[in-house]
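Student: Okay, so Swiss-Prot annotates it like this:
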ACT_SITE  ASP135  active site, nucleophile
ACT_SITE  GLU401  active site, proton donor/acceptor
BINDING   TRP134, ASP135, SER225, ARG308, ASP309  sucrose binding site
DISULFID  CYS339-CYS395  disulfide bond
MOD_RES   GLN31  pyrrolidone carboxylic acid
SIGNAL    1-30  signal peptide
SITE      ASP309  site 'Transition state stabilizer'
Amino acid sequence: MAHVRRKVATLNMALAGSLLMVLGAQSALAQGNFSRQEAARMAHRPGVMPRGGPLFPGRSLAGVPGFPLPSIHTQQAYDPQSDFTARWTRADALQIKAHSDATVAAGQNSLPAQLTMPNIPADFPVINPDVWVWDTWTLIDKHADQFSYNGWEVIFCLTADPNAGYGFDDRHVHARIGFFYRRAGIPASRRPVNGGWTYGGHLFPDGASAQVYAGQTYTNQAEWSGSSRLMQIHGNTVSVFYTDVAFNRDANANNITPPQAIITQTLGRIHADFNHVWFTGFTAHTPLLQPDGVLYQNGAQNEFFNFRDPFTFEDPKHPGVNYMVFEGNTAGQRGVANCTEADLGFRPNDPNAETLQEVLDSGAYYQKANIGLAIATDSTLSKWKFLSPLISANCVNDQTERPQVYLHNGKYYIFTISHRTTFAAGVDGPDGVYGFVGDGIRSDFQPMNYGSGLTMGNPTDLNTAAGTDFDPSPDQNPRAFQSYSHYVMPGGLVESFIDTVENRRGGTLAPTVRVRIAQNASAVDLRYGNGGLGGYGDIPANRADVNIAGFIQDLFGQPTSGLAAQASTNNAQVLAQVRQFLNQ
């Protein structure tokens with residue numbers, strides 16, 4: 001036995017030196033291939049402007065006759081710890097309808113073409129027939145680069161069991177965070193049509209996330225969206241920030257007591273061998289933040305409050321300082337009519353402006369979304385404190401879900417997602433992704449594209465009643481709810497999940513699309529993929545985490561690797577096997 005251990009140790013040392021070169025080359029190759037692919041996509045093609053010009057009509061803030069002008073936003077940066085909050089105003093949001101085509105036939109798309117996600121076919125494939133998938137995110141570092149781990153790409157998703165007896169629209173109270181993996185560096189054209197992801201199962205051990213609510217009464221406990229952060233490059237520690245939620249409901253799904261939502265952290269480790277990816281840990285779950293009722297609305301103020309979706313990052317303008325953005329609502333009792341002229345944002349003497357009383361009379365004050373900010377107060381990211389919201393949407397919208405920070409050409413972009421059905425009375429917009437641009441993490445953020453905020457929406461007829469994803473209107477565009485939960489990735493790639501296409505429910509990953517960004521405007525890149533649609537679930541890493549020590553340990557620690565049995569064979573044969581795997 002001692003002789004075998006010495007053989008394994010010697011083999012480990014030999015592999016370590018060789019793997020350093022092989023894996024390092026793989027990392028450079030992966031990043032180089034990504035850069036070349038993006039350059040090819042951006043190359044000039046006849047009839048398409050390579051940059052600027054008519055490709056980005058959303059740069060215009062000139063306004064539309066019959067509609068108010070958008071609010072004036074400077075994009076000026078402020079101290080992140082100041083109490084300045086930018087506003088997504090009604091004047092801003094009304095630009096969506098202003099730039100919608102009122103003359104289209106019923107059920108057609110009325111949105112600007114460059115801001116419309118291409119049509120998803122109704123015969124879409126599913127990622128896995130035994131699991132519903134919706135909100136999805138990637139393994140990122142503090143700069144939001146997306147990492148593969150020792151040759152594997154990994155994604156994290158909200159999942160539910162389609163065979164458990166509840167319907168697709170009841171999945172939220174049963175949500176568990178699951179993970180999928182696939183080999184890195186393979187173009188979408190060479191993968192299975194559904195993206196080629198293998199389901200790895202639930203990320204957390206059964207019952208682990210419920211410890212946050214130990215001793216409390218609830219009928220359902222679920223895991224909602226967040227982010228997964230690789231804590232050290234060339235390491236395997238992963239910190240998951242997610243929303244731990246608990247519901248206490250009667251048989252008719254009415255709240256007995258308000259739901260609870262706690263932003264929570266848990267630590268684990270990622271592992272990989274020749275055949276699969278797995279995780280260990282995630283047994284201890286640390287509550288980080290609960291809405292305080294001062295900056296962020298809580299359940300005592302509104303049983304329908306929103307507080308979820310943590311996304312963490314280090315601000316390059318403040319090295320070593322970690323921030324978190326999340327979805328919230330403006331604090332205060334639900335139903336109090338206290339929106340202000342500043343929330344409306346109309347310019348002085350604008351002839352098309354609404355009056356404050358008109359807005360309050362419409363009941364728009366029930367919609368008070370915001371995008372929150374917190375700052376870490378320790379190096380382990382296990383202690384945080386609230387800061388003032390980054391953006392408020394009082395009397396505009398009630399949900400600004402899954403916010404993220406995206407840096408591009410020196411600008412700070414906040415992207416978030418929202419529904420048509422959560423807009424306040426008198427304003428309208430499609431299901432899709434909304435964006436805001438400024439000069440720092442706290443800025444007087446300017447809504448993108450005509451000053452509206454809309455970055456990319458589903459094909460929608462804003463002249464026709466919305467309907468719902470579970471009960472679509474026959475007069476509405478059949479793809480108005482085709483996708484949701486968009487996440488903007490490096491290179492402008494955008495992933496999402498399929499909700500409803502021509503009355504077919506999804507619960508699977510949508511085709512990836514690409515948006516091009518130019519200052520305060522964006523445009524869907526129709527040159528990407530096939531008419532603007534890339535591969536289903538094509539979520540590529542743009543960086544590679546090469547953890548040599550972990551790679552070797554995982555190879556010899558798993559019987560599926562096949563290496564343990566070869567410990568006494570020729571080192572060169574084993575090394576050749578490793579090289580072949582990493583260079584496939």
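Each Cβ is built from the backbone N, Cα and C atoms, and glycine gets one as well.
Give me the local environment of each listed feature.
Tutor: Under the DSSP three-state reduction, ASP135 (active site, nucleophile) is assigned to strand.
Neighbour count (other Cβ atoms within 10 Å of the Cβ, all protein chains): 23 for GLU401 (active site, proton donor/acceptor).
For ARG308 (sucrose binding site), applying a Cβ distance below 8 Å and a minimum sequence separation of six or more within one chain yields TRP224, SER225, THR243, VAL245, ALA261, ILE263, PHE326, GLU327, GLU401.
On its own chain, CYS395 (disulfide bond) has ARG90, CYS339, ASP343, LEU344, VAL359, ALA364, TYR365, GLN367, LYS368, ALA424 as residues at least 6 apart in sequence with a Cβ closer than 8 Å to its own Cβ. In three-state terms derived from DSSP, CYS395 (disulfide bond) belongs to neither a helical nor a strand segment and is classed as coil.
Under the three-state DSSP scheme, ASP309 (sucrose binding site) falls in the strand class. For ASP309 (sucrose binding site), the same-chain residues 6+ apart in sequence whose C-beta sits under 8 angstroms from its C-beta are TRP224, SER225, GLY226, THR243, PHE326, GLU327, GLU401, ARG402, PRO403.
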Student: Under a three-state reduction of DSSP output, how is GLU401 (active site, proton donor/acceptor) classified: helix, strand, or coil?
Tutor: strand
Student: Whose Cβ lies within 8 Å of the mean position of the Cβ atoms of TRP134, ASP135, SER225, ARG308, ASP309, the sucrose site, other than those residues?
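Tutor: Residues close to the sucrose site, other than TRP134, ASP135, SER225, ARG308, ASP309: LEU158, TRP224, GLY226, THR243, GLU401, ARG402, SER485.
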Student: Could you tell me which three-state DSSP class CYS339 (disulfide bond) falls into?
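Tutor: In the DSSP reduction, CYS339 (disulfide bond) maps to coil.
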Student: Can you tell me whether DSSP puts SER225 (sucrose binding site) in helix, strand or coil?
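Tutor: Going by the DSSP assignment, SER225 (sucrose binding site) falls within a strand, counted as strand.
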Student: For the sucrose site as recorded (TRP134, ASP135, SER225, ARG308, ASP309), determine the largest distance between any two Cα atoms, in Å, rounded to the nearest integer.
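Tutor: Result: 15 Å between the two most distant Cα atoms.
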